[in-house]
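Taken verbatim from Swiss-Prot:
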BINDING   Pro16, Met17, Ala18, Gln70, Lys139, Asn200, Gly201, Asp202, Gly224, Arg225  FMN binding site
ACT_SITE  Cys100  active site, proton donor
Amino acid sequence: MRIGQYQLRNRLIAAPMAGITDRPFRTLCYEMGAGLTVSEMMSSNPQVWESDKSRLRMVHIDEPGIRTVQIAGSAPKEMADAARINVESGAQIIDINMGCPAKKVNRKLAGSALLQYPDVVKSILTEVVNAVDVPVTLKIRTGWAPEHRNCEEIAQLAEDCGIQALTIHGRTRACLFNGEAEYDSIRAVKQKVSIPVIANGDITDPLKARAVLDYTGADALMIGRAAQGRPWIFREIQHYLDTGELLPPLPLAEVKRLLCAHVRELHDFYGPAKGYRIARKHVSWYLQEHAPNDQFRRTFNAIEDASEQLEALEAYFENFA
């Protein structure tokens, strides 16, 4: 699949997730087979651009793959400025967030709240597309409520404004992440527009990935929550799409290697004073299958030292084996 001048190496994209898809996680997903990774959502508010959190969220020139940054906001000029600053910092694709259902984002008329206001959507898309010379993409939901699904209208508007790829999560804003994603709306959009359409929502395994591609006709898939603690899902899905065969479960030794390497990268990226806190949630996700009684996770979450975290993981896997 192509986005503007960029040819993706496959049809699998790691979704932007606030507080999760930092540089270490993006790099790992790319190594595990994602064709594209997208940064955490960055606010278009210029007052926060110089914060440590914002600087860490920006892409880095030496990152692998096509550097893609997602921005969020409601003011067209601010969004355009945010796009320009990120391109100057190395972004090769700008993604606009109009899919986040979080209340703190929607209260500022950003994220999926914008779907209620097509005129504002048009203004934002036009300003951002005209502000940068890199491809601009858009992520939306199917609408703002089940009785108000307007993704076909927004999709056509996006194509007319110069958006070069569209990701659709198969729920409305009101649905949050409840219930099951629906793919009829994504299929309808794919039949309506000529730009690439990326399906998102509840793609949890290779069989589901194949089914969603076949049903929607989507050009690619975006995978988010299913990659938490399981970044190798991209490799599993790609293998199945290529061969029709399922890979065997990842050996425990490989899980250990990937987890420990990921934790070390988090320690290095955030520094020892913060990295151990960020690592906790990732370790919890990795070990959901292996530590169902939560005892180790509770013990691990009480550790406040980076080196002790790694020692605890080594001991855990030795005992588990």
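Each Cβ is built from the backbone N, Cα and C atoms, and glycine gets one as well.
When the recorded positions Ala18, Cys100 are compared by the number of other C-beta atoms lying within 10 angstroms of their own C-beta, Ala18 comes out lowest.
DSSP assigns Lys139 (FMN binding site) to a strand. Cα of Ala18 (FMN binding site) to Cα of Cys100 (active site, proton donor): a distance of 10 Å. In the three-state DSSP scheme, Ala18 (FMN binding site) is classed as coil. All protein chains shown were included, and the count of other CB atoms within 10 Å of the CB of Lys139 (FMN binding site) stands at 26. In this view, the densest Cβ surroundings among the binding-site residues Pro16, Gly224 belong to Pro16, judged by other Cβ atoms lying within 10 Å. The Cβ of Gly201 (FMN binding site) has His169, Gly170, Arg171, Ala181, Tyr183 as same-chain neighbours under 8 Å, each 6 or more residues away in sequence.
Here the residue listed as 'active site, proton donor' is positioned 13 angstrom away from Gly224 (FMN binding site), judged by their C-alpha atoms. When the Cα atoms are compared, Pro16 (FMN binding site) and Cys100 (active site, proton donor) turn out to be 10 Å apart. Overall, the recorded FMN-binding residues Pro16, Met17, Ala18, Gln70, Lys139, Asn200, Gly201, Asp202, Gly224, Arg225 cover a maximum inter-Cα distance of 21 Å. Put simply, Cys100 (active site, proton donor) is 9 Å from Lys139 (FMN binding site) when counted between their Cα atoms.
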